[in-house]
Amino acid sequence: MPSALLNKGLQMRDNHGTVHAYFNLPPDYLQNHLQDLRTTDPRQDKKRIEQTKGGLLANSYRWVLKDTNFQRWRDDEQSRLLWIKGEPGKGKTMLLCGLIDELGSTPDSGLLSFFFCQATDANINNATAVLRGLIYLLVDQRPSLITHVQKKYDSAGNPLFRSVNAWVALSEIFSDILNDPSLPPTRLVIDALDECIEGLNQLLQLVVQTSSEYSGVKWIVSSRNWPSIEKYLDSAPRKVRLSLELNEKSVSTAVTIYVRFKVEELAKRNWYSNDTRDAVERYLSTNAHGTFLWVALVCQELADISEWAVEEALTAFPPGLDALYRRMMEQIYRSRHAELLRKLLAIISVVYQPVTLDELPVLVDIPDRASGSPKALTEIIGSCGSFLTLRGRTVFFVHQSARDFMLRGAHDNLLPSRIEDVHYNIFLRSLQAMRKTLRRNIYDLGGPGFSIDKVTPPNPDPLAMVRYSCVYWVNHLCDCERENTSKDLQNGGLIDTFLREKYLHWLEAEGQETSLLTDLVRDICRFSLYHMSAIETSPLQVYTSAVIFSPARSITRNQFENKEFQWIIRKPIMADNWSACLLTLESHSDWVSSVAWSHDAARLASASYDRKVKIWDPATGQCISTLEGHSSSVRSVAWSHDAAWLASASNDRTVKIWESATSQCVSTLEGHDSSVLSVTWSHDAARLASASDDKTVKIWDPATSQCVSTLEGHSSSVRSVAWSHDATRLASASCDRKVKIWNSATSQCVSTLEGHSNWVSSVAWSHDAARLVSGSYDGTVKIWNPENGQCMSTLEGHSSLVRSVTLSHDAAWLASASNDETVKVWDPNTGQCVSTLEGHSNWVSSVAWSHDASQLVSASEDGTVKIWNPAISQYVSTVKDHSSPVRSVAWSHDAAWLASASFDGTVKIWDPATGQCVSTLNGHSSSVDSVTWSHDAARLASASDDRTVKIWDPATSQCVFTLKGHHDRVRSVAWSYDATRLASASDDETAKIWDLATGQCVSTLSGHSDCVSSVAWSHDAAWLASASFDGTVKIWDPATGQCVSTLNGHSSSVDSVAWSHDAAWLASASDDKTIKIWNPATGQCISTLMFGHSIKEVQFHESNLKYLHTERGTFDVANSTLDPASGQPLSPKPVGYGLSSNNTWITYQGEKLLWLPPEYRPLSSAISGTTMSIGCSSGRVLMFKFPERIRL
């Protein structure tokens, strides 16, 4: 638990009840949560409704307080649900406003929360919004309840309230709140259930369930007389029903009071005589038929009629809402602007949310002189009878029944065209407006790394006119008839042109032979998914990172590439086409150890060393839920076949069973004596099997949480376990190099499969149990016949150990995951590898097929989960730089050349002007750790795990010398300025000095007690410095080979050391996240510079000692200051181009500039002024060239 949530202080008296942590929350904590939770403030909605309807008359609702049904609900503890129902216009909403006032005015009434649904407003017409509103008011009244929100919010953040699973999360939070023992009696009110457009059934179920389960909670709900609502509410025990039609006398009396009030208003406003006032009151009372809305609409019409004409006008208002609405339409037909008004009503009838005066001219063809005038637009809206009303600058129907009337009347020619045609016109005009309005960086946000959290719309807002269009144009397109849109969907059609020209601008405002449009849409889908993480956090990256890191042949990239970059001179070369990786999921904070699909592929689960299990939506990449409860690393995760349950296995020696719908742990299985490494369900979920480091497999009954059998027989750790489909057999894989097959009924081992030469890490059955597959640390995959125990095939191809294997459901494909950072897809019938999936930057720990084998998911120790389309990789040509991770990159002194060194044993030389490799230097027999240029770039030196240093002539690509003498890996080399000598640092705890005229070692420097990581010459070669894992820096006299000084002060390994040009200063960089500046003459540390990360390479600027160059960029060390709070040194100020501390951004002056997708993040990097190189785990070498200065 965060320290901010800990309760502190002295207990002065006896406490009774629950102590809540919220008292010690940070000042903005509650406010931030409430802001994210709030979609509307129901109190303001209530106030708005009352004002719109002319105020709340106490005498028009107080009759209900004497109603026996209401009194039963109020007084009977078992009657917890009151349903007030009635037809449109009967005053349900105002009745509930009055009841809310009455309930809130009672002393010690407890908590009161309410919500008003409105079908025409997307913010308040869905079940999720209702729950957000109810919870918002409860927490606002009782801040201690925020802890129930915080439990989920802190792991998911703001998306918790907006994701596809928001309802699930909110209903759990709501349930936790109602379960809170400190919760006082609570009254919950929802008005207009019939106007809840989305999720109504879920909401009704929740109302019924909570009204029966929580004795301290009572509900009031209102709706029209809908059988679908009645069906749900009828299931509530001891509900109370209050029908306005059955209370006709009381309602009529209330309407009469309302008539008297409204007529008095008219009489004062229009100077009615007594006779006129009596006539109006008599007519309204006679014809209202118990309908408040009818009275309100007629009075609105009468307000503009002179007193002398009122009595004649009265007879034109027929009784009944529909009849009144028809009369209002007839008036519109007779208007001079009838066509415009009908179009306006048609548009307002079909929009997905109310539109503003700014948006209206985009959707409706309004005369030019009126479209820019708020006064003229207001007059036009006022000409629509009494159908429409303005609230602020937003247009609404006066009542939902008016919209219903218009939509019903579309078939009677009330509207100027068919509804489908109205949708088409909105779609058409929206696209035209967006093409005209949208542009890059429309808010002029500044730097491309500008966070969306800091965006404030300018005034005037350039998006004001097209905001509705940006969100809903696709919805209206879908609602059109196909014949209307066929031409727009063709090549060169309106949609094709819009997406080609404005797609990225639209994202910013909102993130065999086929047709060109189809190709474009496919490219857009890949573009959006692949780059969504960047676009969602920093929208302007859609123009930079998203374009730069898209394939060379991406239609989206090519459409925008040439006109969007003013601040990047040279970009890295990308592959021609999209890779097989569809989506990368980033959220875990440590290695991801296991991944599993639900059977229907609608969900994905991942387990991590961060002790968490995450559930994902694989279609969007959103994390739906985070399951916390294990006290150590989670090693395995598995779904039950129906996806109702999830099991996780952990190093904490337990297996946990989670209910996927609620994300709650329902059971913890204890019994293993060591880490649990694998868990799996039987197909019917009647049994669960777990494998452990304690050398056993356990079979559990998940219903009782009891272990029903322990399978013993392996002589070492059991790494994997798998059921056959019929659950009659179980297979286990062990570090004893064996696979065992067990009879699950008898718990006897029926077969032992031997053949692997190292640990067996993974095992999987084919669906028909005819084959068994195993993966091993020996780097192979074996396919077995489980009946006779014979190995049918051995699949070889991985360059490192295999950690996971899986067969597709139809056994047509096999996938394996390896420490070589790849996933391979095999044809198990031929044993051939059909594709290799590259993209992870660390070991791949787990792999799983979707049920239909269309997608593959992998988990890696790089902390990510990747979703792949394995079919794509068979046809995609990728850019291959090195075939293994790049361990070192180095610029020549003039930045004219780049050298890279790799695990693949090669050194490559690159021409940054073209981005092409001009030479590959082969000769090392193992990984190359480091590469460095002589000052004049005439020679290149490389250090290798093969214990040698090689000197190369880059002009001929020939090896000039191989320097042998070290007894272990050589980590680093350094040239003397005149290139006559070379120094090398090795894991054999020595540094060596070499004469480059002869290739001979002239001195061995011994004295460090651990690996020597780095060496550096002073400019005049009078001194040599070495850095070591023993935490020290040593200064040597190269002439005598004697150590003249040992510098102590670092608390961890020292990785790099460098001299200033005049040798007056020495800098050392350490894993303790500091750089120390030393006076080599005295051995004193004169400055300690704090960083939030380790620095691996350090170098002084040649002429300006205030600047230190590192692999992450240049830092101004002259102005390093102390943190006033802690007294600790602050990180030095970044200068020019660099990398963020987590390697996810290229920065400029410390500000985010360019987001790096996961596969393009640096394993090694080098920066020379405005030129940057990144070496990736994939083997890619990226080169960037930037201008001297840019404006962010």
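Each Cβ is built from the backbone N, Cα and C atoms, and glycine gets one as well.
TrEMBL annotations: computationally assigned, not manually curated.
Features as listed in TrEMBL:
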- 80-304: domain 'NACHT' (DOMAIN)
- 585-626: repeat 'WD' (REPEAT)
- 627-668: repeat 'WD' (REPEAT)
- 669-710: repeat 'WD' (REPEAT)
- 711-752: repeat 'WD' (REPEAT)
- 753-794: repeat 'WD' (REPEAT)
- 795-836: repeat 'WD' (REPEAT)
- 837-878: repeat 'WD' (REPEAT)
- 879-920: repeat 'WD' (REPEAT)
- 921-962: repeat 'WD' (REPEAT)
- 963-1004: repeat 'WD' (REPEAT)
- 1005-1046: repeat 'WD' (REPEAT)
- 1047-1088: repeat 'WD' (REPEAT)
Tally of residues which DSSP labels helix, strand or coil - the repeat 'WD' (669-710): 0 helix, 24 strand, 18 coil
Folded-back contacts onto the repeat 'WD' (1047-1088), same chain, C-beta under 8 angstroms, at least six residues removed: 1010, 1013-1020, 1022-1023, 1025-1035, 1094-1100, 1102-1103, 1105, 1108, 1110, 1117, 1120, 1129
Long-range neighbours of the repeat 'WD' (879-920), counting only residues six or more past its ends (CB under 8 A): 570, 572-575, 821, 841, 926-933, 935-937, 940, 942, 944, 946, 952, 954, 957, 1163-1166, 1168-1169, 1171, 1173-1181, 1183, 1185
Residue numbers, six or more beyond the limits of the repeat 'WD' (669-710), whose CB comes under 8 Å of its CB atoms: 632, 635-642, 644-645, 647-657, 716-723, 725-727, 730, 732-734, 742, 744, 747
Helix, strand and coil counts within the repeat 'WD' (837-878) (DSSP): 3 helix, 18 strand, 21 coil
Chain residues outside the repeat 'WD' (585-626) and at least six past its termini with a C-beta under 8 angstroms from it: 155-156, 159, 163-165, 168-169, 529, 532-533, 632-639, 641-643, 646, 648-650, 658, 660, 663, 842, 845-852, 855, 857-867, 1158
Surrounding residues of the repeat 'WD' (921-962) on its own chain - C-beta under 8 Å, 6+ positions past either end: 884, 887-894, 896-897, 899-909, 968-975, 977-979, 982, 984-986, 994, 996, 999
DSSP-derived helix, strand and coil totals, residue by residue, for the repeat 'WD' (921-962): 0 helix, 23 strand, 19 coil
